[in-house]
């Protein structure tokens, strides 16, 4: 086996373990924020929505800067410092007794993610070949789902004792992830050239196709982030307690572990990336319209299953399509900027979702926020169809970056 092949293989194993630690650390804490501050402390959903939206907007919106710096200095120092900063954010959240403290903790967490997320994503592109990238993304997403339910189970168990333990567990996992990277991650360069930070950023913003694609995904992310805000609140309301929330993530894990990889392999041979992304988004959108009318856990979980299935179809295609559009000369910058749609969609989805949920409750119209989200999904589908119809379809197996 050549040294290059050996490095790729060991690198992929490293990425899987690193990803598991990051996912566990995140999902121990974040799914329980809305339950802790809305249901247990009685804060308005809007306040918590602002905190979650602020985290999303800062982390993903500033990602291009983190990616551009990583293009210049390499992945390792950015990843380690970012993980330690997120650990500090979680430790601060443990003592959040006022909204501004919660917002500050989410800001620290966001800045940490700004540093470590783009170089980690760029490493996936560097260490995988184009033809295997989609399947590796599927493996990572399967791991995300399993890690999400395990993290939520750990967090729910710790929440029964004290929310402090939830935050400290999340912080400890990110410190462990930082130590893992400090010990084993080589000093990889994630781009083919070592260009100035400004040059990498300019290369991205001049790429009109990539820019349009990223901004169009804002609506997609407005739907996707409700897994962290409105869906847990609704499950909690119908069940009468937070214990059922872990089953929501268990459903996602079961579907992902059994269907994600087979669906990705089957569909990549038969459909273009654009078609897979749009069909998944359509399924997510259609599942939202009747969600507000659910009165039992059975009907609610059935619709959540449809939502997750749409995400299972769309996510590998979306991630692979983003990688295929990235320029290898500025991988970090491209992967950082690719999160801008998540930044905007997350901020709007969290703050708007919290506001719509409060509004629907005050007007005794629980279906209102879900209907509005469904309309947003339909508009996003129309924009994606228009964008893809004007461009040459992206090949499934031959991305530009390698």
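Quick reminder: no glycine exception, Cβ is built from N, Cα and C everywhere.
Predicted, not measured: the structure shown is a model, and the values here were computed from it.
Per Swiss-Prot, the feature transmembrane segment maps to 13-33 (among others); the stated evidence is sequence analysis.
Swiss-Prot lists 34-54 (among others) with the feature transmembrane segment.
Marked as transmembrane segment by Swiss-Prot on the basis of sequence analysis: 99-116 (among others).
Summarising the annotation, Swiss-Prot assigns transmembrane segment to 139-159 (among others). Here the transmembrane segment (139-159) has Cβ contacts under 8 Å with residues 15-16, 19-20, 23-29, 31-32, 35-36, 124, 165-166, 169-170, 242-243, 245-246, 249-250, 252-253, 255-257, 260-261, 312, 315-316, 319 of the same chain, all six or more residues outside its ends.
Taken from Swiss-Prot, the feature transmembrane segment applies to 165-185 (among others). Remote same-chain partners of the transmembrane segment (165-185), defined as residues 6 or more beyond its termini with a Cβ less than 8 Å from a stretch Cβ, comprise 14, 17-18, 21-22, 24-26, 28-29, 32, 36, 75-76, 79-80, 83-84, 86-88, 90-91, 93-94, 112, 154-155, 158-159.
Residues or ranges marked as transmembrane segment in Swiss-Prot: 214-234 (among others). Long-range neighbours of the transmembrane segment (214-234) within the same chain, counting only residues 6 or more positions beyond its ends whose Cβ lies under 8 Å from a Cβ of the stretch, are 30-31, 33-35, 38-39, 45, 48-49, 52, 56, 245, 248, 252, 281, 284-285, 288, 291, 294, 300, 304, 311, 314, 318, 322, 337-338, 340-342, 344-346, 348-350, 352-354, 357, 369, 373, 376-377, 379-380, 383-384, 387.
What Swiss-Prot records for 244-264 (among others) is transmembrane segment, and it gives sequence analysis as the kind of evidence. Below 8 angstroms of C-beta separation, residues 27, 31-32, 35, 134-135, 137-139, 141-142, 144-146, 148-150, 152-153, 156, 227, 231-232, 235-236, 238, 297, 301, 304-305, 308-309, 312-313, 316 of the same chain, each at least six residues beyond the ends of the transmembrane segment (244-264), sit close to that stretch.
According to Swiss-Prot, the transmembrane segment annotation covers 277-297 (among others), on the basis of sequence analysis. Under 8 Å from some Cβ of the transmembrane segment (277-297) lie the Cβ atoms of residues 220, 223-224, 234-235, 238-239, 244, 271, 303-304, 306-307, 309-315, 317-318, 321, 360, 365-371, 373-374, 377-378, 380-381, 384-385, 388, all in the same chain and six or more residues away from its ends.
Summarising the annotation, Swiss-Prot assigns transmembrane segment to 340-360 (among others).
Remote same-chain partners of the transmembrane segment (368-388), defined as residues 6 or more beyond its termini with a Cβ less than 8 Å from a stretch Cβ, comprise 212-213, 216-220, 222-223, 226, 230, 274, 277-278, 281-282, 284-286, 288-292, 353, 356-357, 359-360. Look at Swiss-Prot and you will find 368-388 (among others) tagged as transmembrane segment.
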Seminar exercise, completed: Quick tally over 13-33, 34-54, 99-116 of CB pairs under 8 Å to the transmembrane segment (340-360) gives the top stretch as 34-54
